[in-house]
Amino acid sequence: MSPSEETKMAPARLHFLCLLALYLLWVTAPTSAYGQEGKFSGPLKPMTFSIFEGQEPSQIIFQRGRRPSVKFKANPPAVAFELTGETDGIFKIEKDGLLYHTTALDRETRAVHHLQLAALDSQGTIVEGPVPIIIEVKDINDNRPTFLQRKYESSVRQNSRPGKPFMYVNATDLDDPATPNGQLFYQIVIQLPKINNVMYFQINNKTGEISLTPEGSQELDPVKNPFYNLVVSVKDMAGQSENSFSDTTSVDITVRENIWKAPEPVEIRENLTDPHPIKITQVQWNDPGAQYSLINKEKLPQFPFSVDQEGNIYVTKPLDREEKDSYVFFATAKDENGKPLSYPLEIHVKVTDINDNPPTCLAPLTVFEVQENENMGNSIGVFAAHDMDEPDSINSILKYKLVDQTPKVPTDGLFLIDEYGGKVQLSKQSLKKQDSPQYNLTVEVSDIDFKTLCSVQVNVIDINDQIPIFEISDYGSKTFSEDTAIGSTILVIQATDADEPFTGSSKILYKIVQGDPEGRLEVVTDPKTNTGYVKIKKPLDFETQPVTSIVFQAVNPEPLVEDVEYNASSFASFELIVTDVNEVPVFPQQIFLANVSEDAAVGTKVGTVTARDPEGLAVSYSLKGDKRGWLKIDSVTGEIFSSAPLDRETESVYRVQVVATEVGGSSLSSMAHFHLALTDVNDNPPRLAKEYTGLFFCHPLTSPGSLIFEATDDDQQSLWRPKFTFALGRESLQSDWDVAKINVTAGSEEGIRSIGTRVIVIVSQYGVLGTDAGPLQDHCTHARLSTKHTRFEEQVYDIPILINDGGQPPMEGIVSLSVTFCQCVDGSCFRPAGRQDGIPTVGMAVGILLTTFLVIGIILAVVFIRIRKDKVENPQPPENQPLRS
């Protein structure tokens, strides 16, 4: 930039620097944060004042929220004031404008005084005003509440709904109802008689409504106690003050019988042909005007009952007992607002039976089987039918009769049936299949009005007089490896039976009777062909049984007839050869447990793990998952030793895997788990349970205060271990501070408030000092730090605390609590803004201001010197001289 251009920019720079100086002056100027209050003394204007009633006369009126006196001023030519309106001869004003009252005010006489104030000249002429002045008379508690009646009488029905008012008591109080002075609190103080110390009546403490308690609703009985007397009190101040006024009244209550009762169960005959609806019962509330309704408790899609407003209950259509034999529903009574007057009544309706259903057969055909050698009189089976009419009634009792037998060979009447039990028996002789393999019987089933025919089929089956016979008695040798899969079929066997096919006499079951005590094999029979499939049920084992002779027996599920027995034809065998397969080593268990003290010396034996190789090979052991390097294992014996210092606080249960590998062979391996539990030793010093920050006392102290803190350590806690002890870390602190241990239990009030899970709040009269949280323990883990006097400076004190855990051996730790003594605002620590870090004080502000002026002066001096020098060295060219670019 050229000198001439710099000369042109100089005024702008000067202007900018001046603005900068003014801004810095405004920013750094100290300001007052609070206005100063003074007495009211001002021009004539509308004003409102509040005065408590009952104050002594000639009191100066004070403006609300201020202490100085009230004095009005008027501009000349005004020399005096005139007060008019609702003065009641009480309010006066002096010539100098001082407003006062001469007698005590009474809010109940007049709550607000509307006055007018005017300024007068020497001639008594109004020169200013009048302006309205309002005097509000504030209430004090100078009136006692009074009941409207000295005695009340009422009655209540037994079993009335609890909480529903049946009477009221009322009291009045002349004090302001918008203040606690006029807020009334009702209470029952005496109930006579009072049985088992139970209150039968309750009162709404705000409205005076009297109702039954749940106990009163259930227990009131006019037969036992027809009359009760209550003494009811009323207090003002909402009953919360010891200085509240009170009054009492007497209440006489008569207990009347409750006619709201469930009617007796109703019986309705099914399929009635009378015109519907038909009245079946009635309910009735104690007083007229109740609104009745029915509740369909069973949620039936078609509810066949109704009720009118006289309480008459009707059935609206014929009922069918076989469709539904009983109904349960509720009747309710409500007031004009739809609120229940009492408990609903349960209505029971039973539908009685008529004989309107014939007997029915349980199945189109009932089949019985009988062996051809059954003796005469033996039971073949029990035949049953069903009747839908009411069970165990005359309408459902059934009689059975055989009316036909087909074929009638070798004779008719081969069978009998019990008339009421339905048992079918052989009546004349045993049956022979060659006479007829099947008989068809017709059974007549009847009740008192109806008859039904049912069909019964009797099949004559062959007797079991033939044994199963194996087609092959020796199935030779079968070879399988010991790892053959479970479920594999290793042999198919077959036996035959000459009895009637597909009966219990010809069905064959195969049993292994020799050579398999461990149950490694099973035989599954095909029900159609009687073929037996021998399968592996459990793993084969070469080392246990390399060669086994297996013997089978074929039997029938039906017992053989007399004089017939199983013989060698029903037995077969085969030789099972199991070949060896190299298997992994086997541990006797999958998890090995051990425990050792955490201070065990390096090299201590902590446990032993063993495994066995099924082929008898030697086993080598190794560890896997030893992430901390705490253990080592003897590869030959499986003994496990500690290889480094152990620490329960790092890991209380140390888990590794042990690998067993066969030596030689295929080097197969398997794995088990080793869990080492570390028992605790006292090797950790106590410490604070949390970081306690923000602990403070409000300065100056008015009385000694205290706070509570909690200690812990990282060792294992137990009920029998000693408790912590606490002491000051320096003897020099004993004149100012005291520390003592305390027991903390759920519900303790020693400076601790607890709700649910533990929430410890450290409190004093100056507010919350700190908090902590966790489950409450009944241990000496807490201590109280207390001040011994109140002469503390406004600063931060670091208090060292020595904590001993009382263990074996004992461990000590020194912790520090920082406690601040500071000014408080609304129970919180407060420091003035001028003293906060980063905000300059007044002295600093003045210094900054002076420094700013000095810098501005230096800048201005440099600017003026530069301008003058430019004028001397570069004079202005003539006006007609062209400018150089």
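Each Cβ is built from the backbone N, Cα and C atoms, and glycine gets one as well.
In TrEMBL, annotation is done automatically, which means it is predicted and not curated.
Feature annotation from TrEMBL assigns signal peptide to 1-33.
The domain 'Cadherin' annotation in TrEMBL covers 79-147 (among others). Note on the domain 'Cadherin' (79-147): mean pLDDT across this stretch is 90.
Annotation source TrEMBL lists domain 'Cadherin' at 148-361 (among others).
The domain 'Cadherin' annotation in TrEMBL covers 362-470 (among others).
As annotated by TrEMBL, domain 'Cadherin' applies to 479-587 (among others).
The domain 'Cadherin' feature in TrEMBL is assigned to 588-688 (among others).
Sequence annotations record features per position, and here TrEMBL assigns transmembrane segment to 842-865.
Break the domain 'Cadherin' (588-688) down by DSSP state and the numbers are 0 helix, 48 strand, 53 coil. Using a cut-off of 8 Å between Cβ atoms, the domain 'Cadherin' (362-470) and the domain 'Cadherin' (479-587) share at least three residue pairs, counting only pairs 6 or more apart in sequence.
For the domain 'Cadherin' (362-470), the DSSP-based tally of helix, strand and coil residues reads 0 helix, 49 strand, 60 coil. Counting residue by residue with DSSP, the domain 'Cadherin' (79-147) contains 0 helix, 37 strand, 32 coil.
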